[in-house]
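A short worksheet on the structure shown next.
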Amino acid sequence: MEKSTRTLFITIVITSMLLGFGNSDLAQDREECTNQLIELSTCIPYVGGDAKAPTKDCCAGFGQVIRKSEKCVCILVRDKDDPQLGIKINATLAAHLPSACHITAPNITDCISILHLPRNSTLAKEFENLGRIEDNYNSTSPTQIHKDGTGGGKAEPVKSNGWKEKSWLGVELLIYLLVSLIFF
């Protein structure tokens, strides 16, 4: 029950964040990435620094998002400090997610061109720094993941409650749909 409540809360937070965007570019990003960002909700304990490694569900969702839209991952890292997000995201851990999940993904520095950032902007420099951190990690041997984003690890297995989790997922999706219909 605790996991279902947490997942429901995360879904509501992400939906609220996406509803809060104001200008047209952000509104377009919201529209484009809503479903993909919800698939990443299981990664929040890891990218928030509360879990040693991403879960298998997180890695599966992350892999789907990378295949569908790299831009959405870039948007999430870009907006990590947005107070409307309502959650903390450690950008180093977010950039490390492909390695932690053993997923081939473009370098985080590709976000500079994906998001059309000026090369000399603060945000572009932040993406470049994240890319260097990840390159340095990949050139060293894996160790334990720490809250500060250093080290490495393997995805943690997820215990399943069978149909109970699936029924909560249905409830969460229904709530998301209702909220979307009300506010869109």
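Here the Cβ of each residue, glycine as well, is placed from N, Cα and C on the backbone.
What Swiss-Prot says about this one:
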- Cys33-Cys74: disulfide bond (DISULFID)
- Cys43-Cys58: disulfide bond (DISULFID)
- Cys59-Cys101: disulfide bond (DISULFID)
- Cys72-Cys111: disulfide bond (DISULFID)
- Ser160: GPI-anchor amidated serine (LIPID)
- 138-158: region 'Disordered' (REGION)
- 1-24: signal peptide (SIGNAL)
Between Cys72 (disulfide bond) and Cys33 (disulfide bond), what is the CA-CA distance rounded to a whole number of Å? 5
Listed in sequence order, the residues of the same chain lying six or more positions from Cys43 (disulfide bond) whose CB sits under 8 Å from its CB are Pro54, Thr55, Cys58, Gly61, Phe62, Leu97
Inter-residue Cα distance where the pair is Cys74 (disulfide bond) and Cys101 (disulfide bond), in Å: 17
Reduced DSSP assignment, Cys101 (disulfide bond): coil
Measuring Cα to Cα, how many angstrom lie between Cys33 (disulfide bond) and Cys111 (disulfide bond)? 15
Give me the CA-CA distance between Cys59 (disulfide bond) and Cys74 (disulfide bond), in Å, as a whole number. 16
Ten-angstrom check, please: count other Cβ atoms within 10 Å of the Cβ of Cys59 (disulfide bond), all chains counted. 24
Taking the Cβ of Cys72 (disulfide bond) as the centre, count every other Cβ atom within 10 Å, in any protein chain shown. 21
In chain order, residues whose C-beta lies under 8 angstroms from the C-beta of Cys74 (disulfide bond), counting only those at least six residues away in the same chain, are Ile108, Asp110, Cys111, Ile114, Leu115, Phe127
